[in-house]
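First comes the structure, then the notes that go with it.
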Amino acid sequence: MSEQIGLFGESENNDANEASSMMDVSKRVSELHHLLHKYNHQYYVLDDPSVPDSEYDALFQELKSLEAEHPEFITPDSPTQRVGDKPLSAFETVTHELPMLSLDNVFDESEFRAFDQRIKKMLGITDSEIIEYACEPKLDGIAVSLLYENGLLVRGATRGDGTQGEDITLNVRTIPSIPLKLEGEGYPQRLEVRGEVYMPKKGFNRLNEIAKAAGEKTFVNPRNAAAGSLRQLDPKLTAKRPLEFCCYSAGVVEGGSLPESHYAVLNQFKAWGFLTNKEMACVQGIDECLAYYQNLHAKRDDLAYEIDGIVFKVNRFDLQKRLGFVSRAPRWAVAHKFPAQEKITVLQDVEFQVGRTGAITPVGRLEPVFVGGVTVSNVTLHNMDEVERLGLMIGDSVIVRRAGDVIPQVVKVVEDRRPENAVAVSLPDDCPVCHSEIERVEGEAVARCTGGLICAAQRKQAFIHFASRKAMDIDGLGEKLIEVLVDKNMVTSLGDLFRLEAKDVAALDRMGEKSAEKLINSLSASKQTTLAKFLYSLGIREVGEATAQNLAKAFGKLDAIMNASMEQLTAVEDIGPIVAEHILHFFENEANRAVVTDLVELGLAWDDVEVLNPVELPLNGQTWVLTGTLEQMSRTEGKEKLQALGAKVAGSVSKKTHCVVAGPGAGSKLTKAQDLGVDVLDEAAFIEMLNQYGITV
Ligand SMILES: NC(=O)c1ccc[n+]([C@@H]2O[C@H](COP(=O)([O-])OP(=O)(O)OC[C@H]3O[C@@H](n4cnc5c(N)ncnc54)[C@H](O)[C@@H]3O)[C@@H](O)[C@H]2O)c1
Ligand SMILES: [Zn+2]
């Protein structure tokens, strides 16, 4: 470059430009060193990467091309010159007798063809000649070396920094596919077998489900799960993890010999009891390699384990020997990577959707990102527990994963990229569709709209349930007809059904005068019902037939149920605090009450049943929230005491909250209470109040 600039003769200016551009390069190179060292440490040592591989690979490629243009910046400690990272001293150190290297990557066909050409050039063969390649899936796990002496497994080690790894003998011994003793005969006295320890997808999903259910940290992907599981200090933990080992090369060989080609060696290993990959093949030339790549790419999602590309190796050992190595990788092999399944993007917003059953689902709006073969711009965040578990804020950079046909997921927040103006995600107080209050029952992950009867998002479901056989049993009013009536806005509220006129119904597709007449008649006949059926037909959450009957028997009158307190409701057979809370929420909603009144005015009727005497309680009609840690009692105990006084205990603060009890460590709920001007009690004041009502702690 300097020569060229010199030729143009614009020396002074260009020298200055060049100097400053060299400064820029130098600065960027050291930035890249810093970042890649950090990511290496997180990935190889901590088994907890903060960025996806695609991000790492892009930075690595950037450094490689800067170094290619400016070789003066290549230093021995550059990440491009090294393998992995030095492991921690938690395990004994193993010095590899032969270094364990990495692989060069290519990302597209032209880079791959360039690799083939480079090899041919080095071997001094013409372009028309063909090289034999061994093809294997690139298993996404962790490289392991196994040493056998006289056929017995004597040592297992991680790759570490390629020169020194960790002694994980006790851990590898727990992996069923690793033979403790070689089968058959003819093996060298000392034999090092290398391969990948990985976690098949099924086991990975199960492991994460268990962790999620326990509210624990989940693994981002099977690779990190495998690495984390293998490097447990307690081999009993490793033994519980579903790990597999698949061999892919030999290391040290003494006191014996191996076949002359890579493919033959792997087949020999298989005969000695190792698992080899079923997909491996030996092909002639680059075009067959590309066909193999396409074929396996198409099968990628159906494989039982995760792969992130294909490894192609020159099959003949004599050729491998002539090609040799560069600092961190052999020249005779390359990994052709698949498009990334994990990418970083920005969470621009979180919106809340209402499902057919009223479930409120937070949905992340993403800066569109191409991942796993599609552009993803929305991602379900499932529920608020999940949002909290991930620690998500709007504005965050997040890792989005889309593997196979599994729906895209946010798997992690890239914490050190959180902008200063990041905004907490909070559940709205009201349903975005009908503006009814959203309830989030303590202990339940899913929040719901309480406007069951009036919420357009839930309307069809509400009508279908209302008309069903065990509810109002309206003959001739099936799901299809309901869909049409709702879509045409002929009914919006349940009462509208009884205002339908035969002539309007008869005008609908596939309805004649006769069937319209029949429908109107059965609607009118259904009006005489029982209190239990009527209650059931309202579709209150978790109020099934039996609960509806118990309610009817216990209260006798609809009014009494509509105004019942927590204490009265939980006194009813089989009604616990959660169901009681659903009933309370339902009838607290003015719109729901209006629908019920409308139906009664339209003539829905039933005979009264004998009544229980209601009890009045001091906190009837009040909603309380507990947050932070209580020291004199558990949160559950606090909740039970409040309920015993007739209060409802909710999981989130809204303007309808009567009072918040805040212990140490209270966070966003306390802030929200203060913002809304809701009363706040500390634990001492709370206990004092309980005492006043005769409840001792
Ligand atoms: N996300 C991060 O922060 C982060 C950090 C460091 C590295 N990485 C990822 O790791 C890669 C570099 O890791 P690497 O140095 O282990 O190299 P590599 O994964 O690119 O390739 C070498 C490794 O491939 C594995 N492998 C799987 N199947 C194989 C087969 N059939 N034959 C031979 N080897 C096979 C072996 O473990 C071997 O050590 C990067 O490309 C990047 O994607 C990510
Ligand atoms: Zn709603």
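Please read every residue number as a count from 1 along the shown chain.
Any Cβ shown, glycine's included, is placed from N, Cα and C.
Copied from TrEMBL, the annotated features are:
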ACT_SITE  Lys138  active site, N6-AMP-lysine intermediate
BINDING   Asp53, Ser54, Glu55, Tyr56, Asp57, Ser102, Leu103, Glu136, Arg159, Glu196, Lys313, Lys337  NAD(+) binding site
BINDING   Cys431, Cys434, Cys455  Zn(2+) binding site
DOMAIN    614-697  domain 'BRCT'
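Here the features listed in TrEMBL are placed on the structure.
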residue : record                                  : Cβ neighbours (10 Å)
Asp53   : NAD(+) binding site                     : 21
Glu55   : NAD(+) binding site                     : 20
Asp57   : NAD(+) binding site                     : 15
Leu103  : NAD(+) binding site                     : 20
Lys138  : active site, N6-AMP-lysine intermediate : 21
Arg159  : NAD(+) binding site                     : 23
Lys313  : NAD(+) binding site                     : 22
Cys431  : Zn(2+) binding site                     : 24
Cys434  : Zn(2+) binding site                     : 21
Cys455  : Zn(2+) binding site                     : 25
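Look at Lys313 (NAD(+) binding site): DSSP puts it in a strand. Checked against Cys434 (Zn(2+) binding site) by C-alpha proximity, the binding-site residues Asp57, Leu103, Lys313 yield Asp57 as the nearest.
In sequence order, Val354, Gly358, Pro432, Val433, His435, Ser436, Cys449, Gly451, Ile454, Ala456, Ala457, Gln458 are the same-chain residues whose CB sits within 8 A of the CB centroid of Cys431, Cys434, Cys455, the residues recorded for Zn(2+) being left out. Checked against ligand 2, the recorded positions Asp53, Glu55, Asp57, Lys138, Arg159 give no residue with a Cβ under 6 Å from it. Comparing the residue listed as 'active site, N6-AMP-lysine intermediate' with Leu103 (NAD(+) binding site), their Cα atoms are 10 Å apart once rounded. Taking only the Cα positions, the spacing between Leu103 (NAD(+) binding site) and Cys431 (Zn(2+) binding site) is 53 angstrom. Listed in sequence order, the binding-site residues among Asp53, Asp57, Lys313, Cys455 whose CB lies under 6 angstroms from an atom of ligand 1 come out as Asp53, Asp57. For Asp57 (NAD(+) binding site) paired with Cys431 (Zn(2+) binding site), the C-alpha to C-alpha distance reads 43 Å.
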